Amino acid sequence: MKTIHIFIVFILVAVAQLILPAQMIFNQEDILKTGTAFKFKTQPVDPSNPFKGKYIYLNFEANTIKTTDSTWSRHEPVFVSVVEDSLGFAMVDKVTRVKPSNGDFVNAKVSYYSSYDKTLRLDYPFNEFYMNETKAFDAEIAHANAQNDSIPNNTYALVFIKEGETVLDNVFIDEIPIADYVE
Amino acid sequence: MNSKLIKELPQLVKDQVITEDVARNIEVYYQLKQDDKPNKLFTVFGVLGSILVGLGVILILAHNWDNFTRATKTIFAFLPLVIGQLFVGYSIFKNKSATWKEASGTFLFFAVGSSIALVSQIYNIPGDLSSFLLTWIVLCLPLIYLLKSNALAMLHIVFATYYACNYGYGYFTMQQTPWLYLGLMVLVLPHYWQLLKNHPKANVTSIFNWILPLSCTIILGAFVNNQGDYGYLMYVILFGLFYNIGKIPFFDDQKLRRNGYLIFGSVGTVILLLWTSFNWIWEFNENNLTFASQEFFIALFLFVVTAMVLGYSYSKKWIKGFNLFHIVFIMFTVLFFIGTSNSIIPTIAINCIIFALGLITVKIGTDKFHFGILNYGLLIITALVVCRFFDTDMSYVIRGLLFVSVGAGFFITNYVMLKKQKSKLNSKH
């Protein structure tokens, strides 16, 4: 192969290497700009990823739904329709296997179905919030402390939703972004 | 070593062992060889430097600089990637040396990983580690061939192994099989083939001779899902395959330390056999074993491939004489299926096979006057005896006698061979 041919192929590879992260950014920005914002009540825990850094793992309160249908299998992809409750937090309206034609929904996965209490548990695709490595552990502590004040659970994740795709924008404790709260 | 020889040259000329011309030729020869060396060293250091810088960049970005805005962080995500691409583009366009290509390619490899990781971090995209690794590996795969880079090929194998481990061995993902790993490995084979063809004796080729069987050995277990007992069979056949590949003259004629296949095959077979020489291994529930399982078909596939290599070796007359190691995988396969209904026969047979393998290895060692092989054979027998030491249903006296006799065997065989070697040397002089 001539140098110029190798070079042309390389340019294609380089473009692919650039397009993939750019595509990721574009999708996420689009959801942030045109998607609907929902507040998901949550509890943070602090693990880490070798490449992406420290994050807080979010346990959401609105991750279950009562159902008598017991045919759900683990990791099965599902559509979760969400609505706002009276306090303005997200709650699960219904879970379906077919794409809902209207309303806001999240592409989620089945965690497991408990036949004991007839509850379906869900895994959301926005359960990791990446934080500065010095703040991630503090964030978990801050949340635990905030739990002890007068308001029951005041930690929530702000999630933008557009046609099933989601972007986790920020996590708030007492209406303050968690990164600022721990400072 | 060379400098020592060059220092000796004036003395050799003086004593009229060699002429002055020959001395000069020798000096020039080593000079030229020396000039060739720094190049290789540069490449190694260039690659190591790139790996360290690349990993460093990933760690610095993983810190998560939350004072920066999203836009600034996004620029940082692309910066190492673009720098890496410029360097690689430059070294391709200007057709720079291998050092340039290896080092810039290695840096670009890590830059690709860091940019995907950082974008995921900025937008809190969860995604599991294995799919992240897979995207990363695939995006860098063409670079192996564009740059003809050994470093990238090695990184590819290492990261493909990492991917498959994460995919197949994870706590929640035991039921998954990393089939794509096979594809990733096949895609790197043309590069390896070129190395074997063009540089069979190069150090870098022998590194591949080691990491390929190592990677396969690590990953094979990830292909076992429910039928865990087939794991023994799959591994014994895999090691049989490695042994038979290692015995192909192309590899066998090289130094032993370059022949990862032979060593993996031999040591792996012995370890697996020792493991299955315990009776309790064979007391598995035969009802759990089914033929219509992924594990059975993988074992069958490996068996057919290994049998083909063995058959080809025989047809080419590469195998001279009888060596039990070549056919252990066939015997084990038969014993494995006998073992589904009877646990005594395979236990006894495998103990006999290990003992025979030890004796054969000792015999080869004495025939070749190779102390390493001789003691490896004795080590096999010792390991067998040590394993039986833990079988409490054997009398203490018998176990004691076994130990004493094997220990004595060590002394006697080494002593006899040393004597033989000495007398051979004496007769030569």
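Using N, Cα and C of the backbone, Cβ positions are placed for all residues, glycine too.
Among the features that TrEMBL reports, domain 'DUF2157' is placed at B:11-152. The average pLDDT computed over the domain 'DUF2157' (B:11-152) stands at 87.
Per TrEMBL, the feature transmembrane segment maps to B:74-93 (among others).
Using a Cβ-Cβ cut-off under 8 Å and counting only residues 6 or more beyond its ends in the same chain, the transmembrane segment (B:105-123) has close neighbours at 46-47, 50-51, 53-55, 57-58, 61-62, 64, 70, 73-74, 76-78, 80-81, 83-85, 87-88, 132, 135-136, 139-140, 143, 147, 149, 151-152, 155. Taken from TrEMBL, the feature transmembrane segment applies to B:105-123 (among others).
Counting only same-chain residues 6+ beyond the ends of the transmembrane segment (B:129-147), those with a CB under 8 A from a CB of the stretch are 88, 91-92, 101-102, 104-105, 108-109, 112-113, 116-117, 120, 153, 155-156, 159-160, 162-163, 166-167, 170, 173, 178, 180, 184, 187-188, 190-191. The transmembrane segment feature in TrEMBL is assigned to B:129-147 (among others).
Residues 106, 109, 128-130, 133-134, 136-137, 140-141, 144, 178, 180-181, 184-185, 188, 207-208, 211-212, 215, 218-219, 221-223 of the same chain lie 6+ residues outside the transmembrane segment (B:154-172) yet bring a C-beta within less than 8 angstroms of a C-beta in it. The transmembrane segment annotation in TrEMBL covers B:154-172 (among others).
Positions annotated as transmembrane segment by TrEMBL: B:178-195 (among others).
When Cβ-Cβ distances below 8 Å are used as the criterion, the transmembrane segment (B:207-224) is approached by residues 150, 153-154, 157-158, 160-161, 164-165, 167-169, 177-178, 181, 185, 192, 195, 230-231, 234-235, 238, 242, 251, 258-261, 264-265, 268, 294-295, 298 of the same chain, each at least six residues removed from its ends. Summarising the annotation, TrEMBL assigns transmembrane segment to B:207-224 (among others).
Residues annotated as transmembrane segment in TrEMBL: B:262-282 (among others).
According to TrEMBL, the feature transmembrane segment maps to B:294-314 (among others). Panel annotation: around the transmembrane segment (B:294-314), residues 177, 223-227, 230-231, 233-234, 237-238, 240-241, 244-245, 247-248, 326-327, 329-330, 333 of the same chain, lying at least six beyond its termini, place a Cβ under 8 Å from a Cβ of the stretch.
The annotation transmembrane segment is assigned in TrEMBL to B:321-338 (among others).
Summarising the annotation, TrEMBL assigns transmembrane segment to B:344-362 (among others).
Feature annotation from TrEMBL assigns transmembrane segment to B:369-390 (among others).
Feature annotation from TrEMBL assigns transmembrane segment to B:396-418 (among others).
Only residues 6 or more beyond the boundaries of the transmembrane segment (B:321-338), in the same chain, are considered here, and those with a CB under 8 A from a CB of the stretch are 232-233, 236-237, 239-241, 243-244, 247, 265-266, 269, 273, 276, 299, 303, 306-307, 310, 313, 345-346, 349-350, 353, 356-357, 360, 364.
Only pairs six or more apart in sequence are counted, and the transmembrane segment (B:369-390) with the transmembrane segment (B:178-195) gives fewer than three Cβ pairs under 8 Å, not enough to call it a contact. Highlighted: of the candidate stretches B:178-195, B:344-362, B:396-418, B:344-362 has the greatest count of Cβ pairs under 8 Å to the transmembrane segment (B:262-282). Outside the transmembrane segment (B:344-362) by six or more residues, the chain places 269-270, 273-274, 276-279, 282, 323-325, 328, 331-332, 335-336, 338, 373-374, 376-378, 380-381, 383-384, 388, 413 with a CB less than 8 A from a CB of the stretch.
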